[in-house]
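Residues or ranges marked as active site, proton donor in TrEMBL: 125, 398. The feature active site is assigned by TrEMBL to 250, 474. Per TrEMBL, disulfide bond is recorded for 320-384. Feature annotation from TrEMBL assigns Ca(2+) binding site to 558.
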């Protein structure tokens, strides 16, 4: 299984460690809102005119801020250290919530990292949430308290690295100062630390922190990936540092691009690994639904890449981080001129190295890669939005199953045409007439209760496998990035529609609640804390005036904590032994 495992760690980290949050106060503050980018000429095609109104933008930002305040005043307490305070520091700074921020500073000051409840503490969760929150708060405020506490925390986490490979163990007993875990680890929990440790090394000029990040990148670059076509598998041997299976993991792939960007685009190996990953996804893992031509990503049956395998047809909300990542890469990288970086896409993964999967590398050399990545980003983002807009509640389900049949359309190429790249090839050979496959604007299809009950509603091209809605951030994350990168108002407008649905369907007297079903509603009275740290942050930034978190100058960690892009100075290169290129 490919994409299901690619997304599994997003599921575990957002479900296993997030408790129930009881919420208390609703408040409202004012802020000024305006777009950061000038809208493109095509952005007025299906948009509400009031979206560009300063009053409307201000009202929308105020509404998101009020939602955050309604949710914040009660929070879960992972490790017993005041998790949501750490996780929300940067959001408070961005929203100008001085009183809440001052109280959170006290929690940060008084947190005792030598104790934890429960024990042991999860390394991955603690890094992306606590450490990421502290570093982002420092980057935005320049308050040295946050760096001091970050170093205290990293010292407590050091026993996790008691492995022969250099990958960290799953958890740490902070009282006994011992790393805990099996001999086999999950990649996302071992290789999603590079941004945090590299930035901490930059700020403190401490070689130990840099070495932790560099060692992980070295292990990934040296891994034998013949059976995965160049992508990074999920399970790894902590002794040898080599993969032990063929299933894939998400946030480690996400960090390949983001590490390259964070370090001023100086790490070429991380770029190469990102290109291998996205080439495999675009050439073998993107599909079109048969009637509506929804572009989606799905895993495939089969454990090797010796031949094309049919997709599982399962499309998850967790996969909706991908369009934002692809858009960020298309915006930030010279994908249409990789030769300027000394990179030959076909040589990155050929048939001799990767077998059947290697054919995809050669195939994509016939395209403007920047354009192709952006097409994929926009098509996937539209599908993610439709998963919301198609539902009576206006909120997206956890998982759907796409219908499978020969895809119709002018670019149809025989009974086996379901891969997106096949359809794009046919479209290109026929003279590129009409809209790129999967990118045509689509109208939401909302069934009435009667249509659902009698089975006459069949125009979705999918059925619900897991109908619940868990307030996840992935879709609004991608809509935010598409808005910032393209300037097209439709992405921001769709984000606002999602926020309206959240307010209408999930708000309670004490906060917000997950739903049993996106068709019929029904509150579960649970609110994961990532709703504050990520979902509401991305929504607020969509409407924030002069958003300081620009794609060219900041990089979000996987918990939505922004870190500033930097370049190593000559002194830092020498002191930290930084390898460039």
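Glycine too: its Cβ is placed from the backbone N, Cα and C atoms.
These numbers come from a predicted model, not from an experiment.
If you count neighbouring Cβ atoms within 10 Å for each of the active-site residues 125, 398, 474, the highest count belongs to 474. Between residue 320 (disulfide bond) and residue 474 (active site), the C-alpha separation comes to 5 Å. Applying an 8 A CB threshold to same-chain residues 6+ apart, the list for residue 384 (disulfide bond) reads 317, 319, 320, 323, 396, 474, 475, 478, 479. Of the listed recorded positions, namely 320, 558, the sparsest CB environment within 10 A is found at 558. A Cα-Cα distance of 19 Å separates residue 398 (active site, proton donor) from residue 558 (Ca(2+) binding site). Counting in whole angstrom, residue 558 (Ca(2+) binding site) lies 10 from residue 125 (active site, proton donor) by their C-alpha atoms. Reduced to three states, the DSSP call for residue 474 (active site) is helix.
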